[in-house]
Amino acid sequence: MLAQQILNGLVSGSVYALFSLGFTLIFGVQKLLNFAHGATFMAGAFIAYYCTINGLPFFMAIGFSMLATGLIAILIDLIAFRTLRKRGNAEFPALVSSIGVDLILVSIAQQVSNTQVLNFPFGTFPIQFYNILGLRISLLQIVILVVVAVLVAALIFYLKKTTFGRQVRAVATNERAAALLGVNAQSVYLQTFFIAGALAGLAGVLIGLLFNSIQFLMGEPYMLRAFVVVVIGGLGSVQGAIVASLLLGVAQSLTVAYLPSGLTDAIIFGLLFLVLLVRPNGLFGDINAVAGGTRQ
Amino acid sequence: MKIRTQILAATSGAAVMLGGVAQAEDYKAVILQSLTGGAAFIGKNVADGATLAAEQLNEEGFFGEGNKLVFSVEDDATDRTQTLSLITRLAADPDVLMIMGPTSGSVALAGANVANEREFPVMTTTNSMEVLENGPWSFIMTQPASVTMPFIADYTSETLGVETCAVIGVKDNEAYVALQRMYEDLITEAGVDIVSNDGVALADSDFSALATKVASANQDCVFVGTPAAQGANIILQLKQAGLDPSTAILGHNAFASPTFIEKGGAAVEGVYLIGAWVPGGGDDAFSQEFATSFEEKMGFPADEWNAMGYSGMQVVAHAIRDAAEADNATREGVRDALGAQEDVPVVVGTHSYSFDEERVPYFGMKVLQVTDGEFAVAPE
């Protein structure tokens, strides 16, 4: 059972990684905690669900959902963050503002779904199981692991090896200096929000599909875990978020398997405090590390 | 704070518009349920059922010619502060005779407390006996665990004859926890060994680790004490994790919802549950009429909570009418009439709703089984 639970944890953790990457990316670039990220994740699942039941092929529904949640994230930036950013010292007001956006999106989803739990129709994705080395793994789990690995690799390449990535790191390090060098910070913000929203939307679809459940409050537990991930991984660290997500997924599976499941959250947050005691800046700790840059 | 208010008027008042007819009476009540927040999956459904009942009762002239129930729907938002504020405000309106709500948990207890202070009748949706202990003005609408759970516990130990059982329950809703604890106590007394006991949160959907753990263990039965959609999802993941097909799966009355079969599909075939509501109405004409009219109005089939809301409003309406007929349509009169209700026709359980002398409701239960994608009465 141990190996099976580790596999379960890695699948869950890989989806946490998709979710947390966008969250940490926004924090890294803007130093803002976007509490509406969970609602964006939920919106991704809702949009793909309604596209699917209205006849759109599932893979097109995923693409549409990612596009839509990317745009929703841009809207969130424009409505909830941009004005506050211009005023400076935006951290706390932006946090409250993002909670407001979260509540609005959740309320809309509740009205749209009539408070019902939704699920993708049976057969949306082939249900096939394989026994590999004594492990029971579904086709969907394999696809999720591969898709997440490819997307994470693409994101890291994008941030490290492209002009856009250099601009992101420049803005994250020092927005004013970047602007003097001709970088359009507003454009960087919009692009990071779009990427974060699209990744959250995809994570929502995958979670909705994997666990057969889409509901208006589905983002809340993932937001809590995203906090754990970004703190354990190191605030703003992309690599840290990935490693911490996988660790969190595995830790969660193992605590459920071997300890009373009611203690899962207590144990996970206990681990968080332990990591903070040993490495206050997180596993990949550099207190100034922001999306690969160092904030000045 | 979000409040949604609907004021709905009766349509049967034409006669009272004419001169020479006795003055029509308006009886004012409020449906206060969790339309938002964590308990919305109960409260919203109860409110929908209660609203339909009130509309129908007004249409059929239940309160006498020209008289009507004037009601509004308010949202307790699963929030104590909002609930206390609303009850205090409503208590200050002398025309409001009673509240049907609040929904559940600490919200209902807090509501019961302030209602007793203000001497204002409330019928909370919860089954918590603590609501009754708060004082004579607070009632519970659903049967406490001590009434409902023996139906499924006896079926587990006596009819199915299981010896070991794994229990999965909700850890963050007091009503579900109470049901689960009662089940555990009853089957343990009957000699069944509980081999594992796990809790999930209402917002959880990832049960892969839990499913692997339970599927890897040996037990004769798995009891899943969660809301319908979540329970269907847990059972689906249990089956996907390779649970022995011969393992009996049982649940409580929350599973008696079309959602359970819709979400679980083939995975929930054979699951045992208790139901106050038989989806579709079973063989009772009143229940069948409710099922039809609810689906016509809402566009989806009624579930257990919709049926409870519909039934609860029948009880409230009978109490108000009895108080009015006794020429005592006051809060005290309605409270006394509510506690005295016996054999009110309802669409749940044995179709007859009564309060005993301790104000504990009784309307019975049935053990059901999912058979060929439908709920059927389980074999004895």
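Placement of Cβ uses the backbone N, Cα and C atoms for every residue, glycine included.
Among the features that TrEMBL reports, transmembrane segment is placed at A:6-27 (among others). Same-chain neighbours of the transmembrane segment (A:6-27): 33-34, 37, 40-41, 73, 135, 137, 141, 144-145, 148-149, 151-152, 155, 192-193, 195-200, 202-203, 206-207, 210, 222, 225-226, 229-230, 233, 235-238, 240-242, 244-254, 290-291, counting only residues six or more beyond its ends whose CB sits under 8 Å from a CB of the stretch.
TrEMBL lists A:56-80 (among others) with the feature transmembrane segment.
The list of residues near the transmembrane segment (A:92-113) in space but at least 6 beyond its ends in sequence, with Cβ under 8 angstroms from a Cβ of it, reads 32-40, 42-43, 46, 72, 76, 79-81, 84-85, 214-217, 219. Feature annotation from TrEMBL assigns transmembrane segment to A:92-113 (among others).
According to TrEMBL, the feature transmembrane segment maps to A:133-159 (among others).
Annotated transmembrane segment per TrEMBL: A:193-214 (among others), in sequence order.
If you look up TrEMBL, you'll see A:226-250 (among others) marked as transmembrane segment.
Sequence-remote contacts of a segment are chain residues at least 6 beyond its ends whose Cβ falls under 8 Å from one of its Cβ atoms, and for the transmembrane segment (A:257-278) they are 1-2, 5, 224-225, 228, 231-232, 248, 251. Under the heading transmembrane segment, TrEMBL lists A:257-278 (among others).
Most Cβ pairs under 8 A with the transmembrane segment (A:193-214) among the ranges A:56-80, A:133-159, A:226-250 are made by A:56-80.
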